[in-house]
Amino acid sequence: MFNMEVKTSLLDNMIGVGDMVLLEPLSEDSFIDNLRKRFDHNEIYTYIGSVVISINPYRSLPIYTPDKVEEYRNRNFYELSPHIYALADEAYRSLRDQDKDQCILITGESGAGKTEASKLVMSYVAAVCGKGQEVNKVKEQLLQSNPVLEAFGNAKTVRNDNSSRFGKYMDIEFDFKGDPLGGVISNYLLEKSRVVKQPRGERNFHVFYQLLSGASDDTLKKLKLERDFSKYNYLSLDSAAVNGLDDAANFRTVRNAMQIVGFMEDEMQSVLELVAAVLKLGNIEFKPESRCNGTDESRVKDKNDLKEMCELLGIEQSVLERAFSYRTVEAKMEKVSTTLNVSQAYYARDALAKNLYSRLFSWLVTRINESIKAQAKTRHKVMGVLDIYGFEIFEDNSFEQFIINYCNEKLQQIFIELTLREEQEEYVREGIEWTNIEYFNNAVICDLIENNQNGILAMLDEECLRPGTVTDETFLDKLNTVCAEHQHFESRLSKNSKFLTDHSLPHNCFRIQHYAGKVLYRVEGFMDKNNDLLYRDLSQAMYKANHSLIKQLFPEGNPAKVNLKRPPTAGFQFRASVGTLMKTCIQSPRQKSLPHFHRLFWSVIKRVPGLMETEGERAGYAFRQTYEPCLERYKMLCKRTWPHWRGPAREGVEVLMTDLQVPPEEFSYGRSKIFIRNPRTLFFLEERRKQCLEDLATLIQKIYRGWKCRTHFLLLKQSQITVSAWYRRYAQQKKYKRIKSATTLVQSYTRGWQARKLLRELKYQKRCKEAVTTISAYWHGTQARRELRRLKEEARRRHAVAVIWAYWQGLQVRREYRKFFRANAGKKIYDFVIQRIIQKYLWPSRPHLFLDDAHTELRRIFHLWREKKAVYEEKLEASEIFKDKKALYPSSVSQPFKGDYLEITKNPKYQKLNNVVEEKVLMADVVNKINRANGKGTARIFLLTKKNVVLADQKTGQVKASVPLPDLTSVSVSTQSDGFFALKLKEGTASAVKGDFLLSSEHLIEIITKLHRAGTTAADVEQFLVQFKQDKVCVKFIQGAPKNGSGVSCKRKNNRLLEVSVPTTAATS
C-alpha cells in the first residue's frame, strides 16, 4: 500500500527505550540520558505508559506527513514507535469503537510547543475521521478556529514566538460513526495586561502587527491607522519584526479563517475597528492642570487620537473626555464626582484598553462557538483537548507568572490524583496485592496559594479591599507575617531568620518552591493587576456608543442596570476559572467513564518532577475492566463461553483466561474488575478477538450467501414458471390472431372479386348510355357550328358596308368645310394663346413712363398676393372656424401656416416614410398620441395628404396607422387653450378597429383648418367622448395652476375619465 518500512513493534529497531516503564535501571540520570539519546536521533517522543513526553526540536521534522497519518491509523498504541499520532489515534478509536468520551491534557513549560501539539491532535483526528460535504465543512471550521484565536490570543515571548497567552479547552463532538458534528471552546483568563505593556524582548498580541502589516491601504484609511509601528505606544519596537513570522500573510490567513468559521463581513469590520481603537487609545496622553481649589486634574494633550477613536466607536468625544477626567462614586443614594490626576487618568486609559480587548476576545470565542456548535440534538461523543499556559520562570516574574504557575500546580495535583492516588486506592478497593509507593503531593503548595483564609490570593484580595493606604509593600508585609513558617514560602523580610542573609532574594520579592522548581516573584504591580478596576464612568461612556459591538461588550454601562457592588478581582476570577477547569478535567475521566486519561507532557526537561510516578506506572497494571464488558468483548475466544455464558461474569472470565493459557503473573482478579499488567497481553487478546471476528464474519458471510443463493434460485424458478405461463398464453393468442387475420383476408378478397365483377357490369351499361349521348351531342354541335359560320359571314358583309359608308360621309364633310377655313388661322390661334399666357402669368407693360413706380408696386403686390393667396384663404377659413370659439386662436393668428414642418421631402431621415406616402403631403408635424391607460403622450409623426391621415413612429419612421379621409366623421376640440383634438372614425370601418385617436399638437389651428378644407367638420366643446376599442372615455378639460412649471397635463382619473388640466394663465392669455 505504501513504499515504506513499517515498524511492527515498539521494541523493534528502537533508539534508547521508547517506554520509560521498561527503563533499567530507573534513576533521574538514566531518565534524562535516555531522553537525550533519543532527541539526538530526532526521536522527540517517548512514552511513560499511556503518557507521552515530547521535547521541542525548534525545527521542522518530516514526521507529520500524510504517510505518517496512514501509518499510525488504526494501530495499537504500543505497536509503532512513540508519536503524538499514536496518542490521538488511541483516543479517537476509544471514542469511536468503545463509545467512551476522551480527554487529552497538554501541559508543559512555556515554549515547549503545547499549541502545536493541540493542532497536531486536531489535524490527525480530522484526517482519519469520515468524509462528506457537511463533515468536511465542520472539520474545516474546527481547524480554522485556531488561526483566529492565535492571532488574538498569542504573542511573542522570550521563549516562544507563538506563545498562547490564554488557556483553551475544546470539546469536539462526534456522532455514532465517529464523524465530527461540532465543538465548544472554553477560554481561561487572557493575559490582558500585555495589551498595555510588554516585557523587554516580547511583543503585543499578533493581531496588532498583522493588521498594520497585512491590511490594504484602503482598510487602514478607514480605520485611521498608519503602517509605522513606532506611531503607537502600545506596540514594543525592539521585537516588532520576528524572523519566520510573516505578519502580512498571517493577516490574510486570519481573514480567510474568519470567513470559513462564519464571520460576516460587517462583523470582521467591527472587530478590526475595535483593534484599531485599542491602538488609538494607547496614543492618548494627559497633562496636569490645577483647579482654583488647589486640586490637580488631567486634560487630554492632543485630542486628534481621541477624536479618531470616538469616530471609530461612535462615541461623543466630550463624553469620553469627561470620563478620563472625572470619576463618579455611588454609595446608596449619594453620588460623589472627583477629578482624576494624570496618573489616575493613565490608569483609567489602560484599564479601558485591557477590558476592551479582553471582552472582544471573549466575544470572539462566543461567536466561534455559535458557528461550530453541533446542530443535531442527539447524544454526542466528546473528545476534550486542553491547551493551557506552560510553567513560566523568567528573570522578572510578576502577577501573570504567579497565576499561570498556580494553574500548572493545580494540573500537577490532578495528574497525581488521577495517576497514583486513585490508582492505589482502586487496587485497595479491588483487593489487589500492592506495595504502597510514596510520592510527593503538591496539595500543600496549592493550599499556600488558594486557601480561603490565609492563602496568597485571599490575602491579596483582602489587601485590595482594605480601606486606607494600600501598596504592594503592605501586601508583602502581610505575606511575611502570615506565611513566614510555610516550608514552600521564602522572603527576605519574613520572620524566618534563615533567609535574612540570602542575597539572591531581594527585599521587594518573595519566592515559592513549586513542583517544577523555585520561582522568584517581584511584588511590584500585584495590587494594580489584581484590582483590574474599570471606572463606571468609562463603562457608561462605552455603553452610549453607536457601534454595533460595543454595547454588547459593556452591558454594565446601562444606567438602568447600575450595580453598586465592587467587581471581582483578577485573582478571584482566575481562581474560579481554574476551579471550573479542574472540575472539567476530573469529570471527563470519572463521570464519563473513560478507560484512559491521556496526558501529554511537552517540555525541554531540565528536571524530572515526580520521578516515582514512573515507578508507580511500572508497578501497576496497564489495563483494567469490569467483568461483564470484558466477558462480552472476548467471549468468542472460548467455546465454553460462546455464544452465551450462563454463570457469573467473573467465572466466565476465569474460564476464558484459563482456556487462552494466559500466564497468571500477567493478570489479577479484583472484586469487580480484571487487571492486566502488560499491554502485550491486551494486544494478544485483541489480536485473537480480531481473528475470531474475521472467522465469525466468514461464517456469517457463508450462511448469508447460501441463503441468498437459495432465495435467488427459488425466485428464478418461480419466475421461469410465470414466464412460461405468460409465454404460452401469448403464443396461443398470437396464433388465434393469425388465423383470424387470414380468414378475414380471404373473406375480403372474395367480397372484393364480387364487387369488382358487379362494378364492371355497371360500368359497361353506363358506357353504353354515355356513347349514345355523346354521338347525339356531336351531331347537334356540328349543326350549330354550320349555322354560326353562316351568321358570322353575313354580319361581316353588313359591317363592311357601314364602314365604307362612314368614310365616304367624312370625306364629303371635310371637302365642304375646307371651303370656309381661312389660310392665316394658325397665326391667329398662336397669338391668342400667347396673350392668354401673358394675362395669366406675366405682368403687362406700363402704358406711360410716368406710371413706372406705380407699375412696379402694383406688380409686387400682385405677385405677393398670388403667393399668399392659399395661406390667406386658410387663415380666413381658420378665422371662420375658431374666432371667438377657441381660446388658443388669437395666439395663432400671427403664426404663418408652413404645412411641412419636418421638411419630409428633403430630410434623409424620413426617406423611408416619404417613399411610403405617394400623395402630396399637405401637413407634416410631430404630435403626441395620448395613452388612455395613464394619460401620457407618445411622440408620433402626423402626415396629412389629399386622401389619408398617417401616423408614424418618430424614431424609425414606421407607419403605425393610416386612416383614409372618408373614414373621418369629425374632429373634436375644446374651447380652452390646449392643443388636444380627437379624430372620430366611422364605426364599422377597418380604421376604427382600435378606436378613435386622441392627439395633442402645438399647431392645432393649422391641422384642424387643413382637415376642414379636406371635408372634415370640427366641434368645440368643454368635454367630449373618445371611443377606445369597446370603451368610451370622457375627456374633460379643467383650469388649474401649472405644476412644476409645466403647461397642459393629462391624467387618468378612472377607467372612464381622462382629465386635462389647462393652466389658468394660458386660458386667459
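Just so it is clear, glycine is given a Cβ too, placed from its N, Cα and C backbone atoms.
Going by TrEMBL, these are the annotated features:
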BINDING   Gly108, Glu109, Ser110, Gly111, Ala112, Gly113, Lys114, Thr115  ATP binding site
DOMAIN    15-690  domain 'Myosin motor'
DOMAIN    886-1069  domain 'TH1'
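If you draw a 10 Å sphere around the CB of Gly108 (ATP binding site), it holds 25 other CB atoms from the protein chains shown. The 10 Å shell around the Cβ of Ser110 (ATP binding site) contains 22 further Cβ atoms across the protein chains shown. Counting every protein chain shown, the number of other Cβ atoms lying within 10 Å of the Cβ of Lys114 (ATP binding site) is 28. Looking only at the binding-site residues Gly111, Gly113, the densest Cβ neighbourhood within 10 Å occurs at Gly113.
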